[in-house]
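To start, the structure itself, in structure tokens.
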Amino acid sequence: TRSLTITSTDQSMFEKAQGEKVTLPCTFELSEEDEGPLDIEWVLIPADNQKREQIIIMYAVDRIYNHYYAAMNGRMQFTNLDPRSGDGSLDILNLKAADTGTYQCKVKKAPGVQSKKIQLTVLVKPARTKCSIEGSQEIGKDVTLKCLSQEGSPLLSYDWRRVSGTQELPATSMLNKNTGELLLKNASREYSGTYNCVASNRVGTDECSVELNVTPPVNTAGIIAGAIIGTLLGLSVLCFLIFCCCKKHREKKYEKEVHHDIREDVPPPKSRSSTARSYIGSNRSSLGSMSPSNMEGYTKTPYSQVPSEDFERAPPQNPTFAPSKVAAPNLSRMGAVPVMIPAQSKDGSIV
């Protein structure tokens, strides 16, 4: 007895790159005995046997249901808009690494039932590949060129080639295709140039470049001697600055001590100019009260004469003179200051 048959059995494994599109085939033929309604289901079988199968899209009762699997919403559809024509193939757009898994197509039209499993592997192309140099780029040293892709599905393979000069790798080079390391032993000037690394897997490639410049060894003795001399000069300058600061500090401290040692009870020296000004001022005040007849004796003394310190000393005690019996003229009416004139008695004594 003939029954429903799935005819697409030529390919059961697919490998695609992330971001690409894949068509999982599922074509079938119906028999005359298949009289029930047509049902087509696509199921994702998880790698973990403990998890249940997940329906991702279904055709039943002349309708398409594609809202069962949120991870693929908007990214999957039947290849033929009318699966009743015998084509229940599935298109998955913009593939992601998480789409990797086993997909099963089930076609049922009573009494016939058939299914087919397809393995899908979504690979990530190598991307963000970086090249670097490890080790000293000096003549006679060992240098390692490194290459590593930040993205990419395993198994990644790395290959180095020289793009300048002889375009051939040095004879002493050792390449590890799995790690991407290229070891150049006992480097020489001829090893200098541009090197290119190509990272690849089954779905794509990516590459990077690095410039190698092998130079003579650095004169480390000269560098060390220069560093020592520079350090000594710096210490000398620092010591000189410290010495100057200490010296200035001692000078300030000495000036401050000398200032505090001055005795506060010693009176300041007298000013001759102030004494002269007071003496001249007193004479002027006296002259103002005298009459013109009494000013003759005072005009003989110049005002510019500055009295000596003896002038300020206390006058000696002179004997008291008795007032003269001769009546002095009344000078108050004349506006003059009376002057005491000594007289001589008969016995020769001053009175």
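The count begins at 1 with the first shown residue.
Heads up, the Cβ atoms here are built off N, Cα and C, so glycines get one too.
Where the annotation comes from TrEMBL, it is an automatic prediction and has not been curated.
Feature annotation from TrEMBL assigns compositional bias 'Basic and acidic residues' to 258-267. The compositional bias 'Polar residues' annotation in TrEMBL covers 271-307. Look at TrEMBL and you will find 18-121, 126-215 tagged as domain 'Ig-like'. Residues or ranges marked as region 'Disordered' in TrEMBL: 258-327. The transmembrane segment annotation in TrEMBL covers 223-246.
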Close approaches to the transmembrane segment (223-246) from elsewhere in its chain (Cβ under 8 angstroms; 6 or more beyond its ends): none
Average model confidence [pLDDT] within the domain 'Ig-like' (18-121): 91
Summary of DSSP states over the domain 'Ig-like' (126-215), given as helix, strand and coil counts: 3 helix, 51 strand, 36 coil
